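One structure below.
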Amino acid sequence: MTSPTQSASSIAETKEGQGKFPERTSSVQSVDDDDRLLEEIGYKPSFKREFSNLATISFAFSIMGLCSSVATTFNTPLLLGGPSSVTWCWILGACMCFTLGSSIAEIVSAFPTCGGLYTASAQLCPPKHRAIVGWVVGWLNILGQVAGLSSTEFGLANMIWAAVVIAKGETFVVTQGMTVGLFAGLLVFHGLLNCLATRYLARLTTGFVFINLGATILIVIVLLAMTPRSEMHAASYVFGSAGIVNQTGGWNTGIAFLFGLLSVQWTLTDYDATAHISEEVKRAAYAAPSAIFIAVIGTGLLGWLLNIVMVLCSGPLENLPGASGSAFLEIMSLRIGKAGALFLWTFVCLTAFFVCQTALQACSRTVYAFSRDHGFPDRGYFGHVSSYTMTPLRAIWATTLFSILPGLLDLASPIAANAIFALTAIALDLSYIIPIFLRRLYRNHPEVDFKPGPFYMGDGLLGWAANVMCISWTLFVCVIFSLPTVLPVTKENMNYASVITAGVVILSGLWYILGGRRHYKGPSSNIPHYEDAAGASSSQENEKASQEA
């Protein structure tokens, strides 16, 4: 139903394919107000709002998966730029990610829909550009989320096999088929878990944050307790020039050092995941952006502490990454012993498991929203919510199958698979800065009406500084992530991430021109009486104009 305070003329402003907002009512205070706000944006409520504040915050922390994400990417900064790259790149990247997270939070607060920043991008530009902007941002966001889910699940499979190697010894050989098989099985299992009703997903998610943060704190405490003071590295090795070790084979030391940003940027991403479940969140305009804000700060600070302790207790650099291929696991095994390391590693793997669970839920909601807006040539097939579970089962299984495909590439070409995984940060971050840029570019445009939500940094220096810094930083790191990490460049170590990202943008643009524009008109209302009310309002206005004439 439409809001009682919403006039017919305001409904008329929200025509199919235009996505223009009617006038907003007062602040959100209850589930009814949440649903009313969603209707004002143009969508009928389709989900049950079962996610509490704690469950939403837990979801935001879980999507970043602190200790598991650090464990998965720890090799890159340590073995390319050295120990100092690990510590300083993390805090540098975390500070910049905080500006991006804050900028995204205020947009999510204004547009609490499962379309997330894809929907916001289309609303923050003039009507004539909404379709193409929504199309490109939607495909970039889905690409980044699918690549992120696939790479995290693939990382989890590798982490499990690394534990087996530690347990059984170096003679145990893990084949590509074993890794891909475990990867596919884990994804199917997560697909089954996501078929649960929303209330069960919310209850399951609530406990994630305690295991995530608890495992990180436990690893820090145990490593410091088990490492003799005489074997800890000096401060110059952890923070100073002694810890800058260029192992790129040809890049200058500055570039080698900056490769350490991959870990923090890969961990602190998928900020808008909370937005994708906002139609399942109570007081979404408050809870969703607050969860993003809290999770970015908490993950950034605690992650820095974890990285410092790992480097401090790392032992000789030449012994890493060891037989398991994971420097993180080797350090724990060195200091805690095999049994203790494997015990703690169980919680690290469990954290990665939670990342995949939340990432699949968020990505499936994006697929649902894009299909709901006719972004796929499926006639809205994936934009369907099961009447039994009140979850988008079709979108869940479509996302699961899409995410298995990049992992299967590893059987044919590990290079192609690694390139798809590497583009996660590039594709997602580019989809994030587009709505931030559009909000500033069209802030005074008569056809663009941005209604700030409860989380708002304002139009003063603070808001502008955060927006400009996050856009500049994102463009900078996209260049760094597009470089091959080792020289000389060969077909084995070439970084194809930027090529694939650009290819997706170009191909999606061509698809839109050749056929997509026939079925996609931009984010559009799925409330049937919107168009009827718009037509009635238009007739009344024409009749009034004739009488006045």
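The backbone N, Cα and C atoms fix where each Cβ goes, and this holds for glycine too.
Curation plays no part in TrEMBL annotations; they are all automatic predictions.
Listed in TrEMBL for this protein:
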- 1-12: compositional bias 'Polar residues' (COMPBIAS)
- 1-31: region 'Disordered' (REGION)
- 13-23: compositional bias 'Basic and acidic residues' (COMPBIAS)
- 51-71: transmembrane segment (TRANSMEM)
- 91-120: transmembrane segment (TRANSMEM)
- 132-150: transmembrane segment (TRANSMEM)
- 182-202: transmembrane segment (TRANSMEM)
- 208-226: transmembrane segment (TRANSMEM)
- 291-312: transmembrane segment (TRANSMEM)
- 342-360: transmembrane segment (TRANSMEM)
- 381-409: transmembrane segment (TRANSMEM)
- 415-438: transmembrane segment (TRANSMEM)
- 461-483: transmembrane segment (TRANSMEM)
- 495-514: transmembrane segment (TRANSMEM)
- 529-549: region 'Disordered' (REGION)
Which listed range (51-71, 342-360, 381-409, 461-483, 495-514) shows the maximal number of Cβ pairs under 8 Å with respect to the transmembrane segment (132-150)?
-> 495-514
Does the transmembrane segment (291-312) reach the transmembrane segment (91-120) with at least 3 CB pairs under 8 A, where each pair is 6 or more residues apart?
-> yes
Answer with yes or no whether the transmembrane segment (342-360) touches the transmembrane segment (208-226) by the criterion of at least three Cβ pairs under 8 A, sequence separation 6 or more.
-> yes
Examine the transmembrane segment (182-202) against the transmembrane segment (91-120) and state whether at least 3 Cβ pairs sit under 8 A, considering only residue pairs 6 or more apart.
-> no
So what's near the transmembrane segment (51-71) in sequence-distant terms, Cβ-Cβ under 8 Å and 6+ beyond its ends?
-> 152, 155-156, 159, 198, 202-203, 205-210, 212-213, 215-216, 219, 263, 266-270, 273-274, 277, 280-283, 287-288, 290-292, 294-295, 298-299, 302-303, 306-307, 310, 326, 328-329, 347-349, 351-352, 354-355, 357-359, 362
Same-chain residues near the transmembrane segment (342-360), Cβ under 8 Å, at least 6 residues beyond its ends = 59, 62-69, 71-72, 145, 148-149, 152-153, 155-156, 159-160, 163, 166-167, 186-187, 190-191, 193-194, 204-205, 208, 211-212, 214-215, 218-219, 222, 270, 273, 328-329, 332, 336, 396, 399-400, 403
Outside the transmembrane segment (91-120), six or more residues from its ends: residues with CB under 8 Å to it | 19, 34, 37-38, 41, 43, 47, 134, 137-138, 141, 261, 264-265, 268, 271-272, 274-281, 284-286, 288-290, 292-293, 295-297, 299-301, 303-304, 365-366, 368-370, 372-373, 429, 431-436, 439, 450-457, 463, 465-467, 469-470, 473-474, 477, 523
When you scan the chain for residues with a C-beta under 8 Å from the transmembrane segment (461-483), skipping those not six or more beyond its ends, what do you find?
-> 93, 96, 99-100, 102-103, 106, 251, 255, 258-259, 261-262, 265, 422, 425-426, 429-430, 432-433, 436-437, 439-440, 495, 497-498
